[in-house]
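Novice: Take a look at this one; I'll ask things after.
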Amino acid sequence: MQVILAKHAGFCFGVKRATQLAFEAADTGSETYTLGPIIHSPQVVQRLEEMGVIPVEDVSEVETGGTIIIRSHGVAAEELEAAVRANLEVVDATCPFVKKAQEHVATLSKEGYDIVVVGDAVHPEVQGIVSYAAGRVYVVSSDKDVERLPRMSKIGIVAQTTQSFEHLHDVVTACLARGGETRVYNTICDATAVRQDEAKKLAGAVDCMVVIGGFNSANTKRLAQICRELLPRTHHVETACQIDEQWFKGVEKVGVTAGASTPKWIIDEVIDRISAIDKDKIS
């Protein structure tokens, strides 16, 4: 059974940078916290906890003088301000692509634009982006949501960094159809687009797909969705222990990809587990 790994599976630049900052902070031996999970990988969060880097939900949980790391998804503007007011040492591990989306929203809002964010309203990245708007701001998950928005004379559009280009295009088209001045910033991460494109091609060339990543990871869930639309025999796992031999009955080629928050050691473990399966002995 041939196992084919997508070229760009695993950590993207922003996640690699965030985890590196977190592990460097852990090596100092000082009390270190992350505001929320540093990335959407329970296994990485657990490993950091074992090294003394503890996730907290609120700045008030950290004593004055402590170190707090801003997660890769970013945080709300008021949370960052609260950390500064509390005299904490702030290590900002916000992904540069997310930071750019925050900056665009702040600028557009000051220029009188109503903001439309394309994404998942409950995702921490989107909640952080929204907080930088000084005026009206709306989160839409699809072009159908645009129909429910009020009329706007000036619309500024940004996207959650893990959205697909097709999704952003559909929302922009729907906004343009309503009239008014529209300014769009493509804030989708290049790594997201590359991974999604690779996943489509790989899913079309194999008998079964395995997508590795946190079940709470938006970009991993999106990869699994994209693959499943092309290949129903697609399975989303977090770790190797979740692999089921029955998935590979009659399979000649297995495609493997992984979300941007998935560390290399987990990818290697999953591939080793799949490679050890003798498909001819599956009953």
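Backbone N, Cα and C atoms are what each Cβ position is placed from, and that goes for glycine too.
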Novice: Among C95, C241, find me the residue Swiss-Prot lists at the same [4Fe-4S] cluster site as C12, C189.
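Specialist: Matched candidate out of C95, C241, per Swiss-Prot for [4Fe-4S] cluster with C12, C189: C95.
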Novice: Hey, for the (2E)-4-hydroxy-3-methylbut-2-enyl diphosphate site built from H40, H73, H123, T161, S217, N219, S261, who else sits with CB inside 8 A of the CB center?
Specialist: I39, S72, E125, T162, A218, T220, G259, A260
Novice: Let's check the environment of T161 ((2E)-4-hydroxy-3-methylbut-2-enyl diphosphate binding site): how many other CB atoms sit within 10 Å of its CB?
Specialist: 29
Novice: Taking each of C12, C95, E125, T161, C189 in turn, which of these recorded positions have a Cα lying within 10 angstroms of the Cα of S261 (dimethylallyl diphosphate binding site)?
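Specialist: Near S261 (dimethylallyl diphosphate binding site) by Cα: C12.
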Novice: What is the interatomic distance between the Cα atoms of C95 ([4Fe-4S] cluster binding site) and S217 (dimethylallyl diphosphate binding site), given in whole Å?
Specialist: 15
Novice: List the residues in the vicinity of the [4Fe-4S] cluster site, defined as same-chain residues other than C12, C95, C189 with C-beta within 8 angstroms of the site's C-beta centre.
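Specialist: Leaving out the recorded residues gives F13, G14, V15, S72, P96, F97, V98, T161, A191, T192, A260.
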